[in-house]
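Feature list (source: Swiss-Prot):
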- 85: active site, charge relay system (ACT_SITE)
- 134: active site, charge relay system (ACT_SITE)
- 238: active site, charge relay system (ACT_SITE)
- 70-86: disulfide bond (DISULFID)
- 168-244: disulfide bond (DISULFID)
- 201-223: disulfide bond (DISULFID)
- 234-262: disulfide bond (DISULFID)
- 45-286: domain 'Peptidase S1' (DOMAIN)
- 159: N-linked glycosylation site (CARBOHYD)
- 1-29: signal peptide (SIGNAL)
- 320-340: transmembrane segment (TRANSMEM)
């Protein structure tokens with residue numbers, strides 16, 4: 001009689017756990033200093049609402065004098081990417097701190113790490129809300145140790161292209177409606193939004209627009225959201241990530257930048273297109289290596305989303321000398337989802 005040796009159900013479960021631990025150790029160095037970007041342990045949950053702990057481990061909270069003002073994205077063990085408008089020139093870096101590993105901003109957790117800021121590099125072309133160059137690099141005072149709750153997101157290379165219609169996720173701790181703060185304990189919020197082409201976004205922003213105050217969608221901007229409105233970013237999340245999934249990894253496709261009201265119809269959220277600044281990022285931080293983004297799907301034509309005529313004249317708008325005006329976004333954009341479904 002042949003002797004058959006097999007594993008019981010409990011042994012198989014134990015083996016699976018060991019394999020999972022081994023996989024995580026291969027992605028997180030023994031000293032916690034290395035981790036592959038854009039990988040998460042939590043399964044993806046579509047839609048909107050509160051995220052789960054560790055679901056977006058690159059999301060950080062940027063505080064000014066102890067108050068949350070903006071979001072940001074961890075891209076290495078010592079660098080964070082955020083929006084330039086989060087750091088007015090008159091503010092000192094000593095007044096900022098970066099909170100990593102947080103889920104509920106108002107709750108204490110051993111997973112949370114707070115670092116002071118050693119350096120802030122804002123893009124030189126940034127001038128005001130809605131202008132080009134709304135991106136900043138923040139160097140932490142010391143390297144952070146990666147964990148299940150603290151991990152970097154992938155930076156896209158300069159030639160990266162994210163297709164129209166791709167469903168990405170914007171995250172943050174901002175307002176849930178205009179002038180309505182997220183309630184204690186302020187859990188991290190997530191909202192899935194489809195990407196919209198620059199041409200269609202410009203067309204939408206021309207609907208009911210004030211001619212003297214054009215909303216110009218620049219070449220370094222990316223739009224995402226819903227034509228009917230109701231779900232968007234709002235005050236409190238500027239600088240946070242627009243994370244897009246490509247071939248099993250998450251990429252920092254956009255940085256929450258500006259918008260015209262929160263969740264208004266025909267006004268999708270506008271983000272800084274991170275890939276535009278891949279060379280600028282590498283110039284200032286040589287160790288940051290943007291990744292080539294695989295082209296896994298074609299862009300979906302979205303011209304039908306805007307039937308407004310005439311089509312917004314982008315070239316003419318760029319020639320106007322009058323400043324572009326938006327809502328007062330001094331500490332800008334946070335997740336917004338009106339209760340339209342109720």
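A Cβ is built for glycine as well, from the same backbone N, Cα and C atoms used for every other residue.
Structural mapping of features recorded in Swiss-Prot.
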residue	record	Cβ within 10 Å
85	active site, charge relay system	28
134	active site, charge relay system	32
159	N-linked glycosylation site	11
168	disulfide bond	23
201	disulfide bond	27
223	disulfide bond	27
234	disulfide bond	29
238	active site, charge relay system	32
244	disulfide bond	27
262	disulfide bond	28
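Rounded to a whole number, the C-alpha distance linking residue 238 (active site, charge relay system) with residue 134 (active site, charge relay system) is 10 angstrom. In this structure the alpha carbons, written CA, of residue 86 (disulfide bond) and residue 134 (active site, charge relay system) are 9 Å apart. Neighbours of residue 70 (disulfide bond), defined as other CB atoms within 10 A of its CB across all chains, total 29. Ranked by CA distance from residue 223 (disulfide bond), the recorded positions 70, 85, 159, 234 have 234 at the top as the closest. The number of other CB atoms found within 10 A of the CB of residue 86 (disulfide bond), across every protein chain shown, is 27. The domain 'Peptidase S1' (45-286) scores a mean pLDDT of 92 in the predicted structure. For the pair formed by residue 244 (disulfide bond) and residue 262 (disulfide bond), distance between Cα atoms is given as 21 Å, rounded to the nearest Å.
In the three-state DSSP classification, residue 262 (disulfide bond) falls within coil.
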